[in-house]
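Heads up: the structure comes next, in structure tokens.
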Ligand SMILES: Nc1ncnc2c1ncn2[C@@H]1O[C@H](COP(=O)(O)OP(=O)(O)OP(=O)(O)O)[C@@H](O)[C@H]1O
């Protein structure tokens, strides 16, 4: 079973999935690293500083581990296009901007990502593609707190367990913060 840990760049996917992997023993695929290390991309988009990926190729590469009994977490901003269950990390625009600027992103790339977060782009794609979608707030919270929430969600995904209301999608509205 694949579980997407997804969200706009800078929301903390890699940091949180690292904790889930190293401290809680989950199996994690860091998809963006895998795509680069195994050249699973079609081309590099130098202008947008990213790679263009063929999802069919990626899916084929991951298919041997899809049948694992234990959940496999996929860390990537496109993981929700592959998994049936999506956990979307959300970060308020002001905090996301600070994190992206700290990483040295160019202003245009910061703006593009902030706009995507304000417009719920990844959440909408998740709802369109996945059977189950959860949202977790990372704003003003430690990575450990976020990792605990993700763990609680994964524990809840078992037959007969009621969905956890507190992570129901639709809690955030940052549409008023688009500049
Ligand atoms: N909960 C948090 N609180 C404060 N800072 C955080 C938090 N989570 C992540 N960060 C910081 O934000 C930055 C981005 O985190 P990270 O690389 O995990 O994000 P990401 O979603 O994986 O981004 P990308 O999609 O670009 O790989 C890092 O500098 C990290 O230390």
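Quick reminder: no glycine exception, Cβ is built from N, Cα and C everywhere.
Going through 103, 151 against TrEMBL, the one listed in the ATP site together with 10, 12, 13, 14, 15 turns out to be 103. Listed in sequence order, the residues 9, 11, 16, 99 complete the 8 Å Cβ shell around the ATP site centroid, once 10, 12, 13, 14, 15, 103 themselves are left out. Remark: secondary structure over the region 'LID' (102-112) totals 7 helix, 0 strand, 4 coil, with classes taken from DSSP. Spanning the listed ATP site, residues 10, 12, 13, 14, 15, 103 have a farthest Cα to Cα distance of 15 Å. Residue 13 (ATP binding site) falls within a helix when secondary structure is assigned with DSSP. In the predicted model, residues of the region 'LID' (102-112) average a pLDDT of 94.
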